[in-house]
Amino acid sequence: MKKKINILLINGPNLNLLGTREPEIYGKKTLEQIVNKIKKKSILLNVTLYDFQSNAEHKIVEKIHNCKKNNIQFILINPGAFTHTSISIRDALSAINIPFFEIHISNIFARENFRSHSWMSDIAQGVISGFGNYGYQIALKTAVKFLLEKEK
């Protein structure tokens, strides 16, 4: 049997409001529905998926800091509005040396000007933006493929 892969999914501020917050941009599914769907997919891929959501920057930083001791091999992060403001989350991701994908439900590059800059994209393994909730599944499948290729 293959070794189990540990992936952490982090969702940032206001993503707890998915389903009711601007459904024309973010869709009608709740964060719980999105996470449940990706957790089902993770089982099929032999992945243990841990999920975490916070509106507090320092809690996200602490969660990232703990990734090494928790044997996390890959991070999927939708930083929400912290994408455009948080150097501390960027620094935390850079410090731990664990690959990550930055995920956005909407296409941040096709929205307001202030949303088009990401403090994390240049250190991310990749950015998945504008695919709606399906972006989470793309990120999960691609992270697994990345880790399996890295093992070869």
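The backbone N, Cα and C atoms fix where each Cβ goes, glycine too.
Around the Cβ of Tyr26 (active site, proton acceptor), 20 further Cβ atoms fall within 10 Å across all displayed protein chains. Here Swiss-Prot flags Tyr26 as active site, proton acceptor.
There are 23 other CB atoms within 10 A of the CB of His104 (active site, proton donor), with all protein chains counted. Residues annotated as active site, proton donor in Swiss-Prot, with sequence analysis given as evidence: His104.
Residues annotated as substrate binding site in Swiss-Prot: Asn78, His84, Asp91, Ile105, Ser106, Arg115.
Residues or ranges marked as site 'Transition state stabilizer' by Swiss-Prot: Arg21. In the three-state DSSP scheme, Arg21 (site 'Transition state stabilizer') falls into the coil class. If you draw a 10 Å sphere around the CB of Arg21 (site 'Transition state stabilizer'), it holds 12 other CB atoms from the protein chains shown.
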Can you grab the distance from Asn78 (substrate binding site) over to Arg21 (site 'Transition state stabilizer')? Cα atoms, rounded to a whole Å.
16
Within 10 angstroms of Tyr26 (active site, proton acceptor), Cα basis - binding-site residues out of His84, Ile105, Ser106:
Ile105, Ser106
Cβ-Cβ under 8 Å from Ile105 (substrate binding site), same chain, 6 or more residues apart: which ones?
Leu18, Ile25, Tyr26, Gly27, Asn78, Phe131, Gly132, Asn133, Gly135
Translate the DSSP assignment of Tyr26 (active site, proton acceptor) into the three-state scheme.
helix
Got a sec? Which of these binding-site residues, Asn78, Ser106, has the most Cβ atoms within 10 Å?
Asn78
Which number gives the other C-beta atoms within 10 angstroms of the C-beta of His84 (substrate binding site), all protein chains shown included?
16
